[in-house]
Amino acid sequence: MLTTIFITRPRWLRRTLTVVLIGLLPLAGCSNLPPTQQKVAVPLDDSNDTAPPSANRPPEPATEERDQPEPQAAADGPGFLQQGTGVLVGDAPPPRTATAVGEEGITLNFEGADLREVVKVILGDLLSVNYVIADNVRGQATLHTHSPVSREALLPVLESTLQLNGAALISTVEGYQIVPLDNAAREGAQMSVGRRPTDAPGYRIQVVPLQYVGAAALGEVLEPFVPQGASVQVDEARNLLLLAGPSTRLAELLRTIEIFDVDWLAGMSFELYLLERAEPAMVTEEVEKLLNGAGNDLLGGMIRLVPIERLAAVLVIAKRPRYLERARDLLRRFDQEGNGDVRSLQVYPLRYGKATDIAGVLNEVFAANDGRRQNAAEGEAAAGRGPLPEPVPIIADEANNALLVMATSLEYRAVEQAIRKLDIARRQVLVEASIAEVTLSDNLQYGLQWFLRGSLGNNEQQARLTDAGLASSVARGFSYSLTDSDGFVRLLFDALASESKLKILSSPQLLVIDNQTANIRVGDQIPIITRTSSSSTDTDAPLVNEVQFRDTGVLLQVTPRINAGGMVTLEINQEVSEPSADEFAAGNVSILQRTINTSVAVQSGETVLLGGLIRENKNDSLTGIPLLSRLPLLGPLFSRTVDNTTRTELIITITPRVINSGQEARDAARELMQRMQSLELRDSGLTGN
């Protein structure tokens with residue numbers, strides 16, 4: 001292999017030193033790589049060549065027509081006009097000029113040389129600097145410079161040669177380190193912060209803060225232009241880019257960032273055009289069809305129209321100020337009523353509301369009855385004002401859940417705005433209730449309220465109990481609001497169930513619309529004879545009984561109302577009833593019932609605990625020796641009467657959860673399914689299955 005190095009001295013002392021190195025490359029150095037030759041294109045700077053004066057100047061950037069109007073004040077009225085600069089990208093930085101060779105230059109000539117030999121010649125022989133090269137750095141290089149280059153240009157030339165062989169040059173305090181390119185970022189590469197490129201050679205990591213453009217958006221723009229050996233990482237939290245690679249490659253990326261990171265919002269132009277007759281959405285659609293005819297986006301996003309229904313206006317966003325005037329002219333031409341004062345039938349399909357309900361509200365406003373309109377008309381005439389507008393008939397189509405409106409375009413605009421404000425998705429409340437009966441004995445002999453305040457636990461658990469703020473009193477009862485609802489209720493029920501003192505009567509879960517009533521009935525209907533009649537003429541006629549059925553069992557009625565801040569007001573009507581064993585005349589039975597009627601306010605997700613309804617049952621039972629206990633006169637000697645007294649307390653826990661979106665409803669359903677699965681697993685574990 002032939003390696004030639006020419007060192008050019010000053011002209012009056014010019015002499016050429018030719019060093020010819022002839023030898024065979026070690027086979028071990030080439031065994032891991034194919035015998036391919038790689039050439040490096042080196043920017044040359046020949047000071048001896050004659051060139052016209054303009055050749056040494058950087059080329060002037062091509063001028064682009066840009067609109068830079070004088071600042072314009074907003075137009076009179078509620079609308080506004082803001083003209084931008086029209087500049088959406090920055091000027092390209094001037095290209096970096098090559099370093100002048102001066103009085104001394106070096107000509108390199110390597111043909112299929114070992115990469116380690118090239119590193120030794122440039123770093124060790126020519127620059128006399130310390131360097132360390134990794135064992136796994138191998139390769140061959142072919143390098144020719146047809147004119148001398150300066151010593152400062154040797155390191156960029158070497159860096160390009162190393163990059164083509166998958167290696168990187170890292171600057172250290174002791175000198176230079178040559179490592180594989182994939183490991184360069186983890187081998188102590190120098191780090192800097194800023195947007196200015198550095199002239200120091202070597203692999204670097206540069207943190208680039210962005211001023212106007214989002215890091216994620218600019219990262220997507222730079223991705224196709226990232227050169228080999230460099231990488232771009234996006235930090236959206238701090239809005240910055242992390243660049244890694246050789247300094248020459250980073251300089252190219254930094255110049256690209258300077259072009260795109262500009263205040264593009266200042267370059268945009270805005271105008272709010274107020275409409276007088278037509279609807280913003282309809283005008284926007286018609287103008288966009290005209291601008292993008294036949295499905296072709298002719299303007300390529302240069303202009304955008306946004307309807308603003310609340311202001312009856314259209315917001316025009318343009319990338320060039322001159323487009324505002326054209327859009328304004330089109331909007332003015334399309335701002336026309338369809339048929340003037342001629343009424344036409346309009347159909348408005350509802351999305352969320354009920355047609356009959358919304359039609360009733362609208363008719364109160366737009367189609368008042370004749371008596372009310374007559375009184376209003378007399379008042380207007382007395383005040384010297386003009387006549388009232390004609391009523392707008394609004395009819396509900398229940399089958400299609402739509403509204404039929406007979407109105408002019410101007411009248412329909414007012415009706416449509418009212419419909420959109422009324423036809424909104426109503427929030428829902430997931431009500432989770434548990435109705436249980438607790439047997440009062442031992443620690444519970446004084447009731448659940450004493451148990452909660454005393455024997456349940458420490459102050460931390462008692463601190464979770466706060467007054468629920470009853471709007472109406474519960475006779476002889478109590479109510480608490482539980483902040484840690486899930487954990488506390490589970491702890492309470494587990495403590496009661498561990499002593500077999502808890503009986504769950506019902507655990508309903510209801511999803512109800514805000515301000516609507518939900519009902520659950522679990523039980524039987526008991527027939528009750530309310531009246532008996534007989535024939536006064538026919539003595540053999542049978543008696544006729546009038547029977548009414550009475551609902552018994554567990555009855556729950558809940559009406560939630562969502563207030564601001566997530567507070568939920570609950571109107572609760574709870575009843576637990578059962579027929580007694582005693583019969584009265586005509587076969588009727590008495591009904592034992594315990595009811596709670598109250599209104600409470602609780603935060604969404606917290607639990608209301610209601611209780612204090614205690615019932616005492618007394619049953620007398622006769623026990624004794626069989627046969628002997630039934631003997632006349634002597635039976636009491638062989639038997640005794642036992643009085644059984646049972647005291648039970650009814651407790652109710654209710655947890656409202658506000659559902660604001662469909663995703664929250666799906667999450668609540670998924671949570672319910674997981675609870676049911678956990679109960680099945682728990683039951684199977686208890687039964688040994």
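Backbone N, Cα and C define each Cβ position, glycine as well.
What TrEMBL says about a protein is an automatic prediction, not a curated fact.
The region 'Disordered' annotation in TrEMBL covers 38-99.
Marked as domain 'GspD-like N0' by TrEMBL: 108-173. The domain 'GspD-like N0' (108-173): residue composition by secondary structure is 26 helix, 21 strand, 19 coil, according to DSSP.
Here TrEMBL flags 206-264 (among others) as domain 'NolW-like'. Across the domain 'NolW-like' (206-264), mean pLDDT in this model comes to 85.
Among the features that TrEMBL reports, domain 'NolW-like' is placed at 346-428 (among others).
The domain 'Type II/III secretion system secretin-like' feature in TrEMBL is assigned to 495-659.
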Counts by DSSP class (helix H/G/I, strand E/B, coil) across the domain 'NolW-like' (206-264): 26 helix, 16 strand, 17 coil
